[in-house]
Amino acid sequence: MKDTLFNEALGKRFCFDERVAHVFDDMLERSIPYYHEMLNLGAYFIAQNLKESINPKPLIYDLGCSTGNFFVVLNKQIQQDIELIGIDNSMPMLKKAQEKLKDFKNTHFECVDFLEIDFKEASAFSLLFVLQFIRPMQREVLLKKIYNSLALNGVLLVGEKIMSEDRILDKQMIELYYLYKQNQGYSHNEIAFKREALENVLVPYSLKENIALLESVGFKHVEALFKWVNFTLLVARKT
């Protein structure tokens, strides 16, 4: 269904409620440049990494899995026996995910706050456009928990909206991104209303800050797999 959520001002902070879940797939496709390409790229690197896994049934977590799009891609790309656990604290989102993946018996979803649970040892984690919504003081805690739960040679995918450390470049990047959204059919008002709703909810870091954060929790190998203006996909490997 087409995203018309911000035709008018919400009058409240953005949250992942039933109204958002109803249009979320369209919102993702029209708001994140090269969204599907990043999903496929991330799935490829996880699939390649799993070839080195000694676990007969590797476990993969998707934290903030929303409507389950990444698991749809993973199930298509990975041929070996795997277990997928998607975690999100929005039940409306998970209902969409469960419907999409109901035929995949290897895929399970949990409606919990992933900041408050312990993870099993896993071969891979994904945080796709999620870290930016977590309070800055909690990001390092979460990433350290993920690092400690990753098996040796396991990987973490991080997709993020980012900012430039240069004020002028950051302004230009934002302007280009708004032009992109206009070309996707969003009006000036919709862009402005969404920006207002996301203020202090979505807090982006720079590319350098995100890489430094990953390195600070123990990752020695962090690479940018993809970057378009103010969006990036990172992979970090535990060695």
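Just so you know, the numbers here start at 1 and follow the chain as drawn.
Each Cβ is built from the backbone N, Cα and C atoms, and glycine gets one as well.
Copied over from Swiss-Prot, here are the features:
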type: BINDING; residues: Tyr35, Gly64, Cys65, Ser66, Asp88, Asn89, Arg195; note: S-adenosyl-L-methionine binding site
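Mapped onto this structure are the features recorded in Swiss-Prot.
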residue : record                               : Cβ neighbours (10 Å)
Tyr35   : S-adenosyl-L-methionine binding site : 18
Gly64   : S-adenosyl-L-methionine binding site : 20
Cys65   : S-adenosyl-L-methionine binding site : 27
Ser66   : S-adenosyl-L-methionine binding site : 24
Asp88   : S-adenosyl-L-methionine binding site : 25
Asn89   : S-adenosyl-L-methionine binding site : 15
Arg195  : S-adenosyl-L-methionine binding site : 13
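In three-state terms derived from DSSP, Asp88 (S-adenosyl-L-methionine binding site) belongs to an extended strand segment.
Among Tyr35, Gly64, Cys65, Ser66, Asp88, Asn89, Arg195, the residues given in the record as binding S-adenosyl-L-methionine, the maximal Cα to Cα distance rounds to 23 Å.
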